[in-house]
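Enquirer: Swiss-Prot lists 9-29, 33-53 with the feature transmembrane segment, giving sequence analysis as the kind of evidence. Annotated NADP(+) binding site per Swiss-Prot: 120, 148, 214, 218, 252, in sequence order, evidence recorded as similarity to another entry. Per Swiss-Prot, the feature active site, proton acceptor maps to 214; the stated evidence is sequence analysis. Look at Swiss-Prot and you will find 218 tagged as active site, lowers pKa of active site Tyr, backed by similarity to another entry.
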């Protein structure tokens, strides 16, 4: 049991359908309160339905990935962790897609539709050579780009950061996604449909101690993604849609080795569950942001509250003192 379960099964139903909850629980309500709750329920659900429609709609109908006979999916960092879970989910859901996995090591997923492209994303020459290959052989068939690859430095204080590590982290976490989008996304006037997913991190918003380099690289990715998305929206681009994923801690190797505090409020996310949600968004062509777990939807709000409240929340959550020294 955690806060996500309570919100999903108690808080959100109560907020969306208060009158229905009252009827189920046989609460005694006056006529005026019942009318107000009915109007509220209709308005809030109308807004949520309209919001979902806007995120998924466009002047041109969005095609299912199943409609592309020789569709190509490009994913970085698909050999382990969340990337591997996304690859497995795509293979399970679609029999028509070929997946190009860009990683420093081969994928452990054994399938003829998965093609490994070995590349160190921190090496400029290797990235340039790979991009030339992709543009020559696959560019016009790429329907989905998932920028998932990410690395972190050792957990260390601000003064312990090294320039070489900073360069490597930013090249992989920030600059590589930009290059892949710039070189492989369709032009604004093309008819080729393409969905772009950038996997960031809630640490790019909350910026805890000892992960300054990683948090900064993800913060930069978030800013680049949002600016790019608003640019597409402003220019009326119809064939490109984007999704920003800002997860909390995942059950992967990257942040393994310590027990996260306050898991009731900040539960560790199962990568299989998150991968299924990401693939579902890809299928629907849903724009916007995917935040998991629940608290991630309020991270920006936390960073906007008065300093004293921030200190209280951060002290309670132990976000700045939970990471070990490495």
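Quick reminder: no glycine exception, Cβ is built from N, Cα and C everywhere.
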Enquirer: If you skip the near sequence neighbours and keep only those at least six away, which residues in the chain come within under 8 angstroms of residue 214 (NADP(+) binding site), Cβ to Cβ?
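Expert: Same-chain residues close to residue 214 (NADP(+) binding site) (Cβ under 8 Å, separated by 6 or more) are 150, 151, 152, 153, 169, 173, 201, 203.
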Enquirer: Can you tell me how many other Cβ atoms are located within 10 Å of the Cβ belonging to residue 252 (NADP(+) binding site)?
Expert: 17
Enquirer: Determine the C-alpha span of the NADP(+) site listed in the record, that is the greatest distance between any two of 120, 148, 214, 218, 252, in Å to the nearest whole number.
Expert: 20
Enquirer: Using a 10 Å cut-off, grab the number of neighbouring Cβ atoms around the Cβ of residue 148 (NADP(+) binding site), all chains included.
Expert: 27
Enquirer: Name, in the order they occur in the sequence, the residues of the same chain whose CB lies under 8 A from the CB of residue 218 (NADP(+) binding site) and which sit 6 or more residues away.
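Expert: Expected: 150, 173, 174, 200, 201, 203, 204.
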Enquirer: Could you say whether, by DSSP, residue 252 (NADP(+) binding site) belongs to a helix, a strand or a coil region?
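Expert: In three-state terms, residue 252 (NADP(+) binding site) counts as coil.
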Enquirer: Including all protein chains shown, what's the count of other C-beta atoms within 10 A of the C-beta of residue 120 (NADP(+) binding site)?
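Expert: Counting Cβ neighbours of residue 120 (NADP(+) binding site) within 10 Å gives 15.
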